[in-house]
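Enquirer: So that we are looking at the same thing, I have put the structure below in structure tokens.
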Amino acid sequence: MEIACLDLEGVLVPEIWIAFAEKTGIDALKATTRDIPDYDVLMKQRLRILDEHGLKLGDIQEVIATLKPLEGAVEFVDWLRERFQVVILSDTFYEFSQPLMRQLGFPTLLCHKLEIDDSDRVVGYQLRQKDPKRQSVIAFKSLYYRVIAAGDSYNDTTMLSEAHAGILFHAPENVIREFPQFPAVHTYEDLKREFLKASSRSLSL
């Protein structure tokens, strides 16, 4: 029994915060876990900036509604779901993800939750647990699943290390250099091949 675990942003959909930064012209919101590996530090910075500019959840959702999955992502998810159980492990928030998950056919998503006040202001967030992607992989392994994981960033590397097989996809050069133990690919066709290679079953493209 095998489970495919995928990161969401940068792997299947654009980086939501980068798209939001471009739309609002606030460059400081372009920082991601690629730049600031400590997610808690990154989120506190984002919330402070949102507050300084008076931006509410509705403003962010408006931008997300204009985003589309990366080219080829929908077909890739369909291909993967025919061959594996698929779970998206993401550091996004349920409040952000709905429009994009709909376009991907609503695969299972494990992520975090925002805290919103009565005026639609983002006042905080609830992380599901510490190192949630790795903890999810540990849980799947305890159920005797073989886990193959793919991600693009620092915050994916503990998940990739914990999985039976880890794959870097669309990762920047600094992450590829720092984690040479993982195969690094940049197209969905190559990612399919890595999943087939990592599988304990005899599967075809």
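Easy rule for this one: first residue shown is 1, then count along the chain.
Cβ from N, Cα, C; glycine included.
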Enquirer: Hey, Swiss-Prot has Mg(2+) bound by Asp7, Glu9. Any idea which of Asp131, Asp152 it lists too?
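Expert: When Swiss-Prot describes the Mg(2+) site, the candidate it includes is Asp152.
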Enquirer: Listed binding-site residues are Glu15, Arg46, Lys133; which of them have CA atoms within 10 A of the CA of Asp152 (Mg(2+) binding site)?
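Expert: Cα filter at 10 Å returns nothing.
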Enquirer: With H, G and I counted as helix, E and B as strand and the rest as coil, say where DSSP puts Asp7 (Mg(2+) binding site).
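Expert: Reduced to three states, the DSSP call for Asp7 (Mg(2+) binding site) is coil.
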Enquirer: Cα-Cα, whole number of Å: Ser90 (substrate binding site) versus Asp7 (Mg(2+) binding site)?
Expert: 5
Enquirer: For each of Ser90, Asn155, count the other CB atoms within 10 A of its CB; which of these binding-site residues has the top count?
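Expert: Neighbour-count leader: Ser90.
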